[in-house]
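What follows is one structure encoded as structure tokens, with my remarks underneath.
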């Protein structure tokens, strides 16, 4: 292909615009000044120390991990079941049910959060980390089901039948054959659900009650100018964690593709 | 044809019906498959042959009727405990396992020691000509090799019946013909009942001891290949297996073991009753295979009957030439095949010829 100089500069500008602001994060996280502005006034790690010493932050992080890990596990497990039912079996009302599962994808989160809150109050249920999980499962399930459907579709239906034919029970056939083959999908689904859940704000804020999630905590801290550099330090850590997680996920996905000799179609991540 | 009728019954179908919702997929299947037989289920796609095979394996429940394997009813016997193993159309080689893990998969619940199982895997691989391939990754194999792995994996359990679901359809023509012969040899070697599903009539004729021809959920004819080819019991079977010329005729008389017909272009012919399968209520025609008609060259004369004709089309195949010939000044066209041998020139379109034929080769459909 002939290279067009216009397109090249466009691509560079695009990437700078997209990722430039994220690079600001570490820059000011190590800057020795409370005010986020140029020129930089010197290197420091004190914001990180302040972050480490913040008990409320650790509590929020623990709450968030509790919510996000549970969400990822539940959404992925439900996704596996729904996707298998959708790909392998014919049952009445399938298009409608699958459509309803995917619906939260296009529903505004604020609507979901408000309606769930109304129902919870009506039921007299307390708002806590557990209710946030319910909301997060609802919004991550469409992703999990989509990823798992693709994973199941790529597997020959005969594999499970062959295992059955060779003497395994339906459950052991699933465990020995299907599960290892959809494992890359399960890992993808887990990571996507986790990522969506951990940075979700609206539902966490509405349904969390006194259990403050990390996103809610960050938003709260941002109102105090003195806390901004510390939040930037926290953001730096989160970006580093994200990059690490995505790298690990991609590594496992590529290894999975290579192991079964499939053609790499680019993957989800 | 090494098949002998006195062998014990391995599989028996008694009035087997299968419905998918309103769709009647199997419409009263009856018949038996003998132990050690190479049996084929032949028919066009959608005729129910694969469904029938899957009812033997236990992947499909039947709506009514009985499937017996080795004298036992298979009702309520799940697929994983049936004495059958299957070679799938897609081969279903587990892609995340090596060749030996695939072949040894069925031995997971076998109480034998690890060393004995490894030996069994090696023997199975050797039997299908894949000795030394055990450590290879399954996805790195060619189509033919995958099929051999699927065979070894199914045969290692020494099933009473091996089920083959169109196992050769994914291979190219050369490989397919090669594997046909290998499968026949393998079946003779292991002595297991093989049941093959195929839509390829040539494949069924080459490989089988007996063939069940299926149309629309029913067995139209169950016979050995020669009977099926020479004495098809209906126009449909005759048309599906090989090529057959159909010539309109009128039935003049029918008495005892003789049927006399007047076939258009051929004239009056007396047929033996065994050349006239039971009537199906159709417009009467007589059928003739192309190779039972012979072009007479100048100086040759017919052993039996002969009819004048004009060549309308010549199709040259190298070893053979096919001629389409109008018979005796009528609009009846028949196809005949002639072997191309020295001293037998290929004739041109429009040549007036004499066609020799024998009443014995005729089959009457009515």
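Positions of Cβ are set from backbone N, Cα and C atoms, glycine also.
Given the structure is predicted, the values throughout are model-derived calculations rather than measurements.
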Tell me which of A:99-123, A:199-223 corresponds to the transmembrane segment entry in TrEMBL. A:99-123
Labelled transmembrane segment by TrEMBL, one stretch among A:33-56, A:129-152. Can you tell me which? A:129-152
Highest Cβ pair tally under 8 Å against the transmembrane segment (A:129-152), stretches A:12-30, A:99-123, A:230-249, lands on A:99-123
Take a look at A:12-30, A:67-87, A:99-123, A:230-249 and tell me which one has the most Cβ pairs under 8 Å to the transmembrane segment (A:173-198). A:67-87
Could you tell me what the rest of the chain brings near the transmembrane segment (A:12-30), counting residues at least six beyond its ends with Cβ under 8 Å? 36, 40, 43-45, 47-48, 229, 232-233, 235-236, 239
